[in-house]
């Protein structure tokens, strides 16, 4: 369990130290953070609830041809598996590549926030530890979505669509985030809606429609319940409520305000949907986790008195420290993450 707390302490120490760095030093420190977290994710051993399932996915590529992989499901993820198999590599190569993709998104998104290291800290307990080390395919898709959200916050809708479509090659469910681009558009909304609608149909045709019946049967009709699904949905609902409460103090651009307005509404909409299918809602709600990084990295600036900003920052650190402790000690499936093992010291 100690390694998980070391992961949490890295950004916590940087936040509390509150030292100003040169741009060159910032680049080095973020590059180091990306590298270390990517290794922690990629070189883990027997960590995560689907560890053995991913081994089977990897072994299944031995008998497949290139075209079969490219035109199969989640082609981005399985193409990486296939290439690694051809090169004589192992599952750790695949996990490392996916970890690098996730952390590239986390770092890119965190650096776009006013308190970048606080944003990284917020990502550690669930986004990095649970999703990054447990949901390999979806974590890579989420990493690419994070890059896309930065683009959309800068009113670069086409780049958002590009990153989401690329993410869909790792996990088809991220296609469901495409309509956010049209909803968040601040200009030429009719054409934006038309273009994004077309891309959504294309994305759905390429990645979703052929397996929609199976997904509905597995997640909804089978009445599969995700342990802790409501808690995880509420974790994103909290910053959504904070967005509406302190919206005028967040000093957002028009594009950012519209984007996070819709992300907040989606977070709140997930609450009643959990009763329909907690697993389906829980998996989709993973793509709403970025709102936690976005809001809590800005929350200290809601307070006008600089002396009180430090207290808010400590409060955020304490809150996410509690989140990590509760998950490690009480989550139903936490045993699959414990103890943390890494091939470097086995």
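Yeah, the Cβs are placed from backbone N, Cα and C, and that goes for glycine too.
Here is what TrEMBL says about this protein:
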TRANSMEM  27-45  transmembrane segment
TRANSMEM  91-110  transmembrane segment
TRANSMEM  117-136  transmembrane segment
TRANSMEM  156-178  transmembrane segment
TRANSMEM  190-209  transmembrane segment
TRANSMEM  229-247  transmembrane segment
TRANSMEM  259-278  transmembrane segment
TRANSMEM  284-303  transmembrane segment
TRANSMEM  310-338  transmembrane segment
Intrachain neighbours beyond the transmembrane segment (117-136), with Cβ under 8 angstroms and 6 or more residues off its ends:
4, 7-8, 11-12, 14-15, 33, 37, 41, 44, 47-50, 54, 77, 94-95, 98-99, 102-103, 106-107, 109-110, 142, 232, 235, 286, 289, 292-294, 296-297, 300, 313, 316-317, 320, 323-324, 327, 336-337
Contact between the transmembrane segment (91-110) and the transmembrane segment (284-303) (3 or more Cβ pairs under 8 Å, separation 6+)
yes
Under an 8 Å Cβ to Cβ limit, what residues of the same chain, 6 or more beyond the ends of the transmembrane segment (259-278), are close to it?
149, 152-153, 180, 183-184, 219-220, 223-226, 229-230, 233-234, 236-237, 239-241, 243-244, 247, 252, 284-285, 288, 290-291, 294-295
